[in-house]
C-alpha cells in the first residue's frame, strides 16, 4: 500500500489540475463520504513531499561541505595552537638563559653601579631616547641590566610579580576546542539521522517519482549539483563577518607558519647610536651659530628636543660616561644585550601567535554558529517529511477526512457559511480545520488551501532536534 500521505496529496493535485469548481453534489459527497473524498486521488506524486525530499538532500550536501570547511579550520586552529606553544617555549628558554647570564653579570658589574647609574638619570639620556630612536633600544638594554644589578644590591625592591600558570590556560583551550568538536559532531549526527529518515520515505514512495528525480536523489552528492540551494539568510547585520563565504583560503596556513628571524646585532644599534651622537654634536654647533637646527620640536610627554642643545658639553660628558658603561657591559656580560634582544623578539612572537590563534578561533566559532543556523532553518522547512518514515506499508492513511460538520448555530447567529473538517495526520494526531465554504467546496483553491494547512500543521508540530 502506498504511504498514506501520498493518498491525500495525489488526490489534491488531481483535483487542482481539473480546474473546475465542485458542484452542489460534490459538496454533499464531501460531507457524507469523507473517506471516499480522501481516496479520490491516488495517481500523481505528492509535490510537497518531493519538495521536502529535495530540501533534505540539499541539507545533506550543504552539511558535507561544511564538514570539509570545519575540518580545515580545526586543523589550522590546532596548528596555530601548536605554534603558539612553541613560541612560548622558545620565550621561556630565552628567558631562562637570560636570567642565568644576568646572575653571572650581576657580580661582575656591581662595582660599576655607582658610576653608571647617573647615565640612566641624565637629562641627555631622556633627550637621546626621545629624539633618536636608535638610542631607545640601547638605553633600554643598559637600563634593564643595571636595574637588575640594583635589585641584586637592594633585594627589597625586587619585583615579585609572576604570571599565571601557563598550564591552566592551555587546559582551558583544550576544553574550548573539545566543545567545538562535540557540538559540530552532534550536529553532523543529527543531520545524518534526518537524511536517513528522509531516504526511507523516498524508498517507500520511489515508484511514484519520475526517473529524473530518482536519479538525482540517489546520486552521489559530490558529483552532482542540487536542484537549488534555498536562500536562508540571517537577520540583517547578525554575525556579520568579512570571512562569511567560508571558503578556506591557503593564507590560513600562513597564520601559524612562524619561524625565528635573524636577530639584529646589538653592535648595529651601538653603531647607529654613536653616529647619532656625532650628528647631534654637529647640530649643537649649528645651533650655537643660530643655524636652522636651533628650532625646537615638542615631543608629547617628553619636553623639547632642543633643551639639551643649550648645554652640549654636558651631553658630550654624558656620552662619555654611557660609553664607558657600555664598554663595561660588553666586556663583562657580552651575551646579555643579545639575549635581551632575543627575549623581546620572542615575546613579540608570542603576542602575534596569540592574536592569530584568537582570530582563527573566532572564525571557527562563527562557522559553527552559521552552520547550526542554516541546518536548523532547513530542518524547520523540510524536516517534517521524516515523520512519514514511521509509517509502514499497510498503515492507515496519514491524511484522511474523519468527519465534516456543517454550519453551526449559535443563538440567533448561523455559521452556515463555514464547515468543520477533522483531518487525521498520522495515527497519533488529529486536528480540525474551520474552512469557509467559499474557500472549500465552491472554490478551485480548496485543494491548495487544505494542502497548505496540512503542511503547516506538520511543520508546527515537528519536534526539534
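Easy rule for this one: first residue shown is 1, then count along the chain.
Heads up, the Cβ atoms here are built off N, Cα and C, so glycines get one too.
Fair warning: this is a prediction, and the values are worked out from it, not measured in the lab.
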* Structure fact -> Per Swiss-Prot, the region 'Disordered' among 280-300, 301-321, 322-342, 343-363 spans residues 280-300
* **Given ranges 16-61, 62-107, the stretch to which Swiss-Prot attaches the annotation coiled coil** => 62-107
* Express the distance between the Cα positions of residue 351 (N-linked glycosylation site) and residue 333 (disulfide bond) as a whole number of Å. => 28
* **Nearest of the recorded positions (116, 196, 333) to residue 322 (disulfide bond), judged by Cα-Cα distance** => 116
* To do: Find, for the listed disulfide-bonded residues 105, 116, 322, 325, 333, the residue with the lowest Cβ contact count at a 10 Å cut-off, counting only other Cβ atoms.
  => 333
* Give the sequence-ordered list of residues that share a chain with residue 196 (N-linked glycosylation site), lie 6 or more positions from it, and have CB atoms under 8 Å from its CB. => none
* Asked: DSSP on residue 333 (disulfide bond), three-state: which is it?
  -> coil
